[in-house]
Amino acid sequence: MGARASVLSGGKLDKWEKIQLRPGGKKKYRLKHLVWASRELERFALNPNLLETVEGCRQIIRQLQPSLQTGSEELRSLFNTVATLYWVHQSIQVRDTKEALDKLEEEQNRTQQKTQQGKADKGVSQNYPIVQNLQGQMVHQALSPRTLNAWVKVIEEKAFSPEVIPMFSALSEGATPQDLNTMLNTVGGHQAAMQMLKDTINEEAAEWDRMHPVQAGPIPPGQIREPRGSDIAGTTSTLQEQITWMTSNPPIPVGEIYKRWIILGLNKIVRMYSPVSILDIRQGPKEPFRDYVDRFFRVLRAEQATQEVKNWMTETLLVQNANPDCRTILKALGSGATLEEMMTACQGVGGPGHKARVLAEAMSQVTNSAVMMQRGNFKGQRRIIKCFNCGKEGHLARNCRAPRKKGCWKCGKEGHQMKDCSERQANFFREVLASQQREARKFSSEQTRANSPTSRELWVRGEDNPLSETGNERSGTGSSFNFPQITLWQRPVVTVKVGGQLREALLDTGADDTVLEEINLPGKWKPKMIGGIGGFIKVRQYDQVCMEICGQKAIGTVLVGPTPVNIIGRNMLTQIGCTLNFPISPIETVPVKLKPGMDGPKVKQWPLTEEKIKALVEICTEMEKEGKISKIGPENPYNTPVFAIKKKDSTKWIKLVDFRELNKRTPDFWEVQLGIPHPAGLKKKKSVTVLDVGDAYFSVPLDKDFRKYTAFTIPSINNETPGIRYQYNVLPQGWKGSPAIFQCSMTKILEPFRRKNPDMVLYQYMDDLYVGSDLEIGQHRAKIEELREHLLRWGFTTPDKKHQKEPPFLWMGYELHPDKWTVQPIQLPDKDSWTVNDIQKLVGKLNWASQIFPGIKVKQLCKLLRGVKALTDIVPLTAEAELELAENREILKEPVHGVYYDPSKDLIAEIQKQGHGQWTYQIYQEPYKNLKTGKYARIRSAHTNDVKQLTEVVQKVAMESIVIWGKTPKFRLPIQKETWGTWWTEYWQATWIPEWEFVNTPPLVKLWYQLETEPIVGAETFYVDGAANRETKQGKAGYVTDKGRQKVISITETTNQKTELQAIHLALQDSGSEVNIVTDSQYALGIIQAQPDKSESELVNQIIEQLIKKDRVYLSWVPAHKGIGGNEQVDKLVSSGIRKVLFLDGIDKAQEEHEKYHNNWRAMASDFNLPPVVAKEIVASCDKCQLKGEAIHGQVDCSPGIWQLDCTHLEGKIILVAVHVASGYIEAEVIPAETGQETAYFILKLAGRWPVRVIHTDNGSNFTSAVVKAACWWADIKQEFGIPYNPQSQGVVESMNKELKKIIGQVREQAEHLKTAVQMAVFIHNFKRKGGIGGYSAGERIIDIIATDIQTKELQKQITKIQNFRVYYRDSREPIWKGPAKLLWKGEGAVVIQNSEIKVVPRRKAKIIRDYGKQMAGDDCVAGRQDED
């Protein structure tokens, strides 16, 4: 203790002991706090000696601060202690902890800019898990639970969509291989995806080992070893080795390398989930441009290409693959157009409507010019017209081709078009007032955001006003102007000055004009009649009258007449910036826009019954009074259907709006909260309160610019009157953005209260609030009232009927007591007959109960739901399901409670096996006091064992613990250390093993048999194999032993995989207690090496039984068809009569030819009758053919006469390549110069050898030259220019260039000159590599295509000729000739004809005549007199 107490001494210790723990509190810091902090630092793996210096405290603060958000109360206390000590070391006086934290925050804010600049200079990310400690050593900082939780949520929500890759890249910034494996382990449940990822990692690791061979000899002292592929993957390297490699000089970035491998694998997985190619994305003739863009970018994200290539694809393919209408517009915009400009320009383009508009525009221009010719002799020079839309002269707005300008062309306001504008024509002050209105509108919206009151009020701009109010919470956020506020609890009557006379007048925002009682005003007036509620009255109209309202001056029209009350109308109120403010939360609105290029919903309202219309009118009238909705006019073109339903067991109606269409057009919102809070994560508190926010969504304002899209209409019966139109001012129920915006807004509102009361725990989920504290009940309730007042100031009410003050508290489906919690009471129904829906609800209730009731099982009940059943189908309960339900009823009879979390104690998770693949677990801190319980019964693969299932349970519990408590528990597992260790050493995800201990809770988990790692000396060796015929389903399985024994059995209705397993079962049956088995089946090896103890396959279960009986078993794999002794013998044995076996006969010749030509495996399999696996093995064993992948071809125009030409460069020389698009056939030559003359000569040679109709080239100077154009003209060749990767472009030749260079690389050493190697490569490509359509080589394919083309043309001629004939025919024994029918085909014995249907008529009953263009009439023998063909 002495060493730890030496952190402070002398005067500093005195200063320390004068600092208060809390502002105004009695308790102060003591020496014991330093001792406690030293011990805590050791728990967090930090050096306690750091507390002795300023720099050391700064280091601790940097380490602890990022974890405060998810950390425990102990962590926060430690941080507060170190922060206070930091200022004592600097001899800076602080009174209490809060002041120390405030000063620390100020200092960090001052240095933030400097720190950011330092980061930019270094160019190094500060998010690395490897950090430098005080001693200068590089240490590892594990990934935070928050990061792992975010990664898990991404996979759960996005599956393996393209967004997963950038998210993984961001979350794993600077991670070590161990960190990356931890991330993979947390999503290890996706086995198919993980297997693909594993295969990719293994391939890349093998490639790394091949490219980085091990250095011979021992490693010199002081030098670290080079990492192998498995080291980079984190399976054979320690964390310290990884850190050493990553921080050495020069560094070996094993983390980044491994991350690159994982991203390669993720790309493959994404490809599997998103198999569409970017080349396939084309805009349909009538498809809206915005939908096409959505599809394009969705597929683009999945493309495996660099960002530069993706940018290029966006610039070119997006335009090229648009439909002709949109493409014309996009090309007119130019190459620099943004996506938003494209969307705007193409809005509404496409389909018959667009074509009609274009035609109308053309017709109107023709008509106008004709009219001008007729009127040319009358008036003088024609007035120049100007477009409202683009501002240019010479055309009208309706004929304008520019993108339509937003808003009305008359008044400039948005939300309606000029034809719907309600502005009156005779508005002499329109331009002046419009500018003032715009200013007032802008001004008032800013003020509304900052200082909107909590009751309905009228605001008027003013300089001085004693009525101005500002709340404490909002002080400092308002505008620099002072706005008077006039509440509407009484009539808003103010004193105004008109023409120097004072009058009391009502501020009426619903009146258009200002009307006063008899008052003498100077100036001229004119009579006018105005309509009011009581009828029409005669008034005098005075123009340009000056009026002063609340210190503001306005000039406008005043009407004087017998009005019952003086009214100041909108013509004056708008000039002084008067606004009407509703009781909506004054928080800043979240800006929302529609998806780019989309417009709002325009869905018609469907008919409603009379009672529903009355209910909706009543509901909406009340909502309008409360300011939640506003009436709108016909200028709003949008609409969403509305309807009403009755509450369950009630006569009250509920209004529902069908926002599905608006939701489609609204961008996605990121859910602020990733899940619901769990009571097991709550800390025990002395006082607790549960609140509910009333009308939660309706208390948060909706973005003003977005409100128009929420419009809806209440119809009338029999269309008696126009529908009543409304739009929402607040967040609507059913709109996709409401939950996220509400959560975000509520978090901002609660932030000041949280800051002010850090010792109070406040859980917020939607409109449910849980508040806990360690205060006495009186103080606690005072704080609750303070919270309620705080919420009320922001417009949120907390109804008394949902204000829970006394336990038990009902919260989020749970029942909370002061020192325990449970789920709310669960009653299981007792039914004679169960429907599918009943069982689904029952399983849901049991799953909910399982989080606190241990031992709940649902496996047998879930089995009842297998298959596709209707919800109302009756399902009989099986005996097992009835037993399971009865056991669950017994469990639920006894009430069970969970306790609350204590951060000072460790978490312990205990797992038990229940049998039949079901598991249960409890998480606790003290024995018999569970925090929560759970169950697991998911079987992820057909063949599994208990150890594998146990690891899945451990994974689930660990993930659950990270989410609820932010840390993993210590596990107590029913398995021996040796069994667990044996399994994990073989299991591929052995990178993260949780802390655990053995607990002897029967039944224990064990491995029922163990496979040997080395052959058993002295044991008999069985070579096993199986074969099956795919067509007949007949098969054989057997074995051959090293002692001369052999056995073969015949099997029916089987497959190759089953026969391989049957052969292993046969060997196990006929062998002794020790046996060596050799198979060539990876399938069978994979199943048995996983050591399953149960399987869905009966055959695998039989093999497991045999394995358990054996003392020792060794299982090995050898490749098939390689001439390996016993394997070859047994293969011939089981293949007899089943399949044709060709072994070594052609292998030598194939290998010899491959060394010369490096032909692909398809060509060798075809030419030498080799099995594909053997041919692939020959290619795999060739060191020059280890280039990954083959050229991928997009969809291009594959007409027989189309060729693509391009120049490529190699060894400083130019190779001119021509590719026949349909076949892939290549012609190539090394040319002396990239000139038009050489290119034209090459084209003429090509045309002399093959039929060339069209050539596609790029825009190179040699291809665009006059010489090439002349050659093409002479040879009657059409020349087209394209863009790479685009249909009818250069994609094929670009990929063939790569393929050609690859082949040249393989044969280059066989030729002295490059031109020789080029021709060798052309020969190999055209005749020695097979594949693609028909399995031909390119040379065979081009000949086949040309021959087929000739035959097709000839056949077409015959068809055309045949179609000139008509057929008269007789049916069965009827003597009457029928017809004429159309001749489709003429054979030797019959003809095929088409009349009302297609028929086959014998040749002897048909008369074929030539169609001379006139109808043959009558049923006589006219047909017989015609010439028969």
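Glycine too: its Cβ is placed from the backbone N, Cα and C atoms.
What Swiss-Prot records for Asp692, Asp767, Asp768 is Mg(2+) 1 binding site, and it gives similarity to another entry as the kind of evidence.
The Mg(2+) 2 binding site annotation in Swiss-Prot covers Asp1025, Glu1060, Asp1080, Asp1131 and is backed by similarity to another entry.
The compositional bias 'Polar residues' feature in Swiss-Prot is assigned to 110-124 (among others).
Look at Swiss-Prot and you will find 445-455 (among others) tagged as compositional bias 'Polar residues'.
As annotated by Swiss-Prot, compositional bias 'Polar residues' applies to 467-479 (among others).
Residue counts for the domain 'Peptidase A2' (503-572) under DSSP, helix first, then strand, then coil, are 3 helix, 42 strand, 25 coil. As annotated by Swiss-Prot, domain 'Peptidase A2' applies to 503-572.
Marked as phosphotyrosine by Swiss-Prot on the basis of similarity to another entry: Tyr128.
Feature annotation from Swiss-Prot assigns region 'Interaction with Gp41' to 7-31. The average pLDDT the prediction assigns to the region 'Interaction with Gp41' (7-31) is 83.
As annotated by Swiss-Prot, region 'Interaction with host AP3D1' applies to 12-19, with the evidence given as similarity to another entry. Listed as Cβ neighbours of the region 'Interaction with host AP3D1' (12-19) (distance under 8 Å, sequence separation of 6 or more from its ends, same chain) are residues 28-31, 34, 84-85, 88-89, 91, 93-97, 100.
Taken from Swiss-Prot, the feature region 'Dimerization of protease' applies to 484-488 (among others).
Here Swiss-Prot flags 532-538 (among others) as region 'Dimerization of protease'.
What Swiss-Prot records for 571-583 (among others) is region 'Dimerization of protease'.
Residues annotated as motif 'Nuclear export signal' in Swiss-Prot: 16-22.
Taken from Swiss-Prot, the feature motif 'Nuclear localization signal' covers 26-32, and the record attributes it to similarity to another entry. Residues 5, 13, 16-20, 81, 84 of the same chain sit 6 or more residues outside the motif 'Nuclear localization signal' (26-32) yet have a Cβ under 8 Å from a Cβ within it.
Among the features that Swiss-Prot reports, motif 'Tryptophan repeat motif' is placed at 980-996.
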- Query: For the motif 'Nuclear localization signal' (26-32), what are the DSSP-based totals of helix, strand and coil residues?
  - Reply: 2 helix, 1 strand, 4 coil
- Cα-Cα separation of Asp1025 (Mg(2+) 2 binding site) and Asp768 (Mg(2+) 1 binding site), in Å? 65
- Which three-state DSSP class does Glu1060 (Mg(2+) 2 binding site) fall into? helix
- To the nearest whole angstrom, state the Cα distance for the pair Asp1131 (Mg(2+) 2 binding site) and Asp768 (Mg(2+) 1 binding site). 70
- Helix, strand, coil: count each for the residues of the motif 'Nuclear export signal' (16-22), based on DSSP. 1 helix, 1 strand, 5 coil
- For Glu1060 (Mg(2+) 2 binding site) and Asp768 (Mg(2+) 1 binding site), determine the Cα separation and express it in whole Å. 60
- Item | Pairwise Cα distance for Asp768 (Mg(2+) 1 binding site)/Asp1080 (Mg(2+) 2 binding site) [Å, integer] | 62
- Task: Would you identify the secondary structure of Asp1025 (Mg(2+) 2 binding site) according to DSSP, in three states?
- Result: strand
- Note on the structure: Once DSSP output is merged into helix, strand and coil, Asp1131 (Mg(2+) 2 binding site) belongs to helix
- Item | CB contacts for Asp1131 (Mg(2+) 2 binding site) [other CB atoms within 10 A, all chains] | 23
- At the Cα level, what's the spacing in Å between Asp1080 (Mg(2+) 2 binding site) and Asp692 (Mg(2+) 1 binding site), rounded? 67
